[in-house]
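Peer 1: Pasting the relevant annotations from Swiss-Prot:
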BINDING   Asp34, Asp86, Glu158, Glu160  Mg(2+) 1 binding site
BINDING   Arg47, Arg70, Glu158, Gly231, Asp233  DNA binding site
BINDING   Asp179, Asp181, Asp233  Mg(2+) 2 binding site
COMPBIAS  356-389  compositional bias 'Basic and acidic residues'
REGION    1-104  region 'N-domain'
REGION    122-253  region 'I-domain'
REGION    341-349  region 'Interaction with PCNA'
REGION    356-395  region 'Disordered'
Amino acid sequence: MGIKHLFQVIQENAPDAVKSGDIKNHFGRKVAIDASMSIYSFLIAVRSEGQQLMSESGETTSHLMGMFYRTLRMVDNGIKPLYVFDGAPPKLKSGELAKRTARKAEATEAHEEAKETGTAEEIEKFSRRTVRVTREHNAECKKLLKLMGVPYIDAPTEAEAQCAVLARAGKVYAAASEDMDTLCFEAPILLRHLTFSEQRKEPIQEIHLNRVLEGLDMDRSQFIDMCILLGCDYLEPIPKVGPNTALKLIREHGSLEKVVEAIESDPKKKYVIPEDWPYQDARELFHHPDVRAADHPECDFKWEAPDIEALVDFLVKDKGFNEDRVRNGAARLQKNLKTAQQSRLEGFFKPVAKTDAEKASLKRKHDEKLQEQKKRKKEEAKAKKEAKAKPRGAA
């Protein structure tokens, strides 16, 4: 899940922190990728007629299809991916995981009912909600990556936290995940949409943590406190506290301790803090996650030549993939992993920082654009209301 509405908060208050661009812009870069999040997205997105792809024996293959072709796309564009798999979840996350399991059980029941009485759209909707990544999915993806010559490592707990460690140490350029909590783990740069399909035509979003903190006028501790208020994987949010309120409360009070104190002493009782809300524990998990140091032996990785025949055996003979496509993909892997070794020019030039005036100008333009959008929406809503109120047959 990550952090609710965090991207919206960043877009509205720190627009200079987000850069959108083409995948080709990342040529020659090493990137640590949140494997579990990627596999989950493959299981949801890689489908045929609303159903997951299956082998002749009835085994799901969507995760393998996604992992093979999306990794191939990255390597074709000169990126050197390193996948990081989740370990055991922190104890504090068990409550959120239990809720997700319950929601999936409800979705499974609704899916079965939809198959009997529902439309094709309802069947697909509930089918997507039943998706979960299993140990078998992870094991098969690890096997595939090994045969492709693409490295992976196992994190002690949260993959995003381990990706952040590698990015801070300079072993990779960035951490890639759809989970915004990667920024809470102090990833200097977060890439989103990197493992999306080419057909979706979604630009790669590059989010810089230092610019986020600068734009929000917060230090990292305040940023983490705001993210906990927004709602994270470890705690449910405080009812009625939305993104604007969370930002306002941290800016006004400076820390969660003072926010909690202000809420509890408010005679109007505008907000009610949940009975079991151990925010200090959640904060500790963001500040001191269970990770391995970047120079730990288990964080060593290298890219190797693909084992083409073993890939064909696994994907074609075992999983029913098209042999010509697999061989063609393996040949591209072999060629392009070598090409990705070329240095980027940015290694020789220091980027020029924006002046305060340039930053203020960017912020002003963004604010003006937001105001214009709000004004247009207000006018459209007013026009709709007037159209409804107009009596039928009136000229």
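Each Cβ is built from the backbone N, Cα and C atoms, and glycine gets one as well.
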Peer 1: Binding-site residues Asp34, Arg70, Asp86, Asp233: which have a Cα within 10 Å of Asp181 (Mg(2+) 2 binding site)?
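Peer 2: So far as Cα distances go, the binding-site residues lying within 10 Å of Asp181 (Mg(2+) 2 binding site) are Asp233.
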Peer 1: Around the Mg(2+) 1 site (Asp34, Asp86, Glu158, Glu160), what further same-chain residues have their C-beta within 8 angstroms of the site's C-beta centre?
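Peer 2: Along the chain, the qualifying residues are Ser36, Met37, Val84, Ala155, Thr157, Ala159, Ala161, Gln162, Cys163, Ser177, Asp179, Thr182.
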Peer 1: Count the Cβ atoms, other than its own, that fall within 10 Å of the Cβ of Asp181 (Mg(2+) 2 binding site), considering every protein chain shown.
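Peer 2: There are 24 such Cβ atoms around Asp181 (Mg(2+) 2 binding site).
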Peer 1: Give the helix, strand or coil assignment DSSP yields for Asp34 (Mg(2+) 1 binding site).
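Peer 2: It is in a strand.
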Peer 1: Can you figure out which of Arg70, Asp179, Gly231, Asp233 (the binding-site residues) comes closest in space to Asp34 (Mg(2+) 1 binding site), comparing Cα atoms?
Peer 2: Asp179
Peer 1: Helix, strand or coil by DSSP: which one applies to Asp181 (Mg(2+) 2 binding site)?
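Peer 2: The three-state answer is helix.
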Peer 1: Just to confirm: which same-chain residues, 6+ apart in sequence, have a Cβ under 8 Å from the Cβ of Arg70 (DNA binding site)?
Peer 2: Ser38, Phe42, Thr195, Phe196, Ser197
